[in-house]
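If you check TrEMBL, you get these features:
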- Cys40-Cys120: disulfide bond (DISULFID)
- Arg67: site 'Transition state stabilizer' (SITE)
- His71: active site, proton acceptor (ACT_SITE)
- Cys73-Cys78: disulfide bond (DISULFID)
- Cys126-Cys340: disulfide bond (DISULFID)
- Pro170: substrate binding site (BINDING)
- His200: heme b binding site (BINDING)
- Cys207-Cys233: disulfide bond (DISULFID)
- Asp249, Asp272: Ca(2+) 2 binding site (BINDING)
Amino acid sequence: MKLSAAVLLALVAVQAAVLLAAVPSAQAGELKVGYYGKKCKGLENIVKWHVIKALKANRRVGAALVRLIFHDCFVRGCDASVLLDASYDNPHPEKEAPVNIGLAAFDLLEEIKADVEKRCPGVVSCADLLIYAGRDAASLLSNGHVHFDVPAGRLDGYVSKADEAQAELPDSTDDVQKLIANFARKNFTVEELVILSGAHSIGQGHCSSFTGRLSEPPTQITPAYRDLLNYKCPKGYNPAVVNNVRDEDYGVVARYMPGFTSRVRKVPDFLDNSYYHNNLAKIVTFHSDWTLLTHKEALGHVHEYADNGTLWDEDFSDSLVKLSKLPMPAGSKGEIRKKCSVINHRLY
Ligand code: HEM
């Protein structure tokens, strides 16, 4: 089929527009607090409004948003690569990596994006929305104890590969040395590994993420808690179980851990330093949590944060800000996506 000159010209123009829209990520290096102040008035309040509404309907969404910060930023920096759906060009995006099991809140971010696009079209990246929403969730779930200003100006990436996510993110079966090496690759210290792991005071995990724990000895997992987890994970099923036993059904706790019933909460998913108490009591879900107790420095920090909840609130806030600044790989290009789950144009 012959293309007319006009069609050819139009194609060249579209290609040029796509290339112009793809901004080098250097721009994303200049993150600023209040970045959208003039570009999209009231943006941070709009995001917060959506997050409050979503958490009122289902508090559990908050944990998913906090986890997304980690899972986006550890893979190609904070570029919303974790939000991309499978497509003809990219059949295996990060979402499909086994290590990304249970990721959620994608619909909420898409809803926020749609609202923001109506008010400020083509201005706000999904990468920034993800960080703002995660920040607001952390703040709401901690009754404001975790709070921080977060800089913005990130771009949305074009690349999202399941293999990369699998290689970059830690696994729930990892031992402490592997976790330390994993975090060190992103320039995070042992202390920051311990601080950020405290996020497991909220949310849930699938049985498959901790079935290996169910045959570990009492030195690693309290037998009563192991029995509770065994009960929650019937053979042949893979439900999600709460990370923090105080969020468990009262009746189940009464049956398996009667001494713990006074700590069961009516409102689940309160983000605080309870993870460190649970860890010392060997009632945490993942091997990767328990293994922190086997490393002298990490254990010291587990004690430190168990003893001082206010310090954890502050240090967790700082570590999330640091996480949110992880850059895209040098030389990467980015854009402002119209929808968070798809890139705007094919680049080739
Ligand atoms: C240190 C290495 C880490 C490992 C190995 C790990 C592993 C996991 C696993 C396996 C799950 C459950 C997934 C499932 O089965 O559905 C989970 C849940 C969660 N993780 Fe981590 N994680 C780590 C660090 C972090 C960090 C740094 C954060 C955030 C700062 C975080 C936040 C969360 C949250 C909030 C949940 C619950 C999510 C929900 O309920 O939707 N994790 N993590």
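Each residue, glycine too, has its Cβ placed from N, Cα and C.
Curation does not apply to TrEMBL; its annotations are automatic.
Proximity of the recorded positions (Arg67, Pro170, Cys207, Asp249) to ligand 1: a Cβ under 6 Å from the molecule is found for Arg67, Pro170. When Cα-Cα distances from Cys126 (disulfide bond) are compared across the binding-site residues Pro170, Asp249, Asp272, the shortest belongs to Pro170.
With respect to their backbone Cα atoms, Asp249 (Ca(2+) 2 binding site) and Cys40 (disulfide bond) stand 43 Å from each other. Sequence-distant neighbours of the residue listed as 'heme b binding site' (same chain, 6+ residues apart, CB-CB distance under 8 A): Asn243, Asn244, Tyr275, Val284, Thr285, Phe286, Asp289. For Cys73 (disulfide bond), the nearest neighbour among the disulfide-bonded residues Cys207, Cys233, Cys340, judged by Cα separation, is Cys340. Each residue contributes its Cα atom, and for Cys78 (disulfide bond) and His71 (active site, proton acceptor) these two points are 9 Å apart.
Checking each of the disulfide-bonded residues Cys40, Cys120, Cys340 against Cys207 (disulfide bond) by C-alpha distance, the shortest gap belongs to Cys340. Looking at Arg67 (site 'Transition state stabilizer') and Cys120 (disulfide bond), their Cα atoms lie 27 Å from each other.
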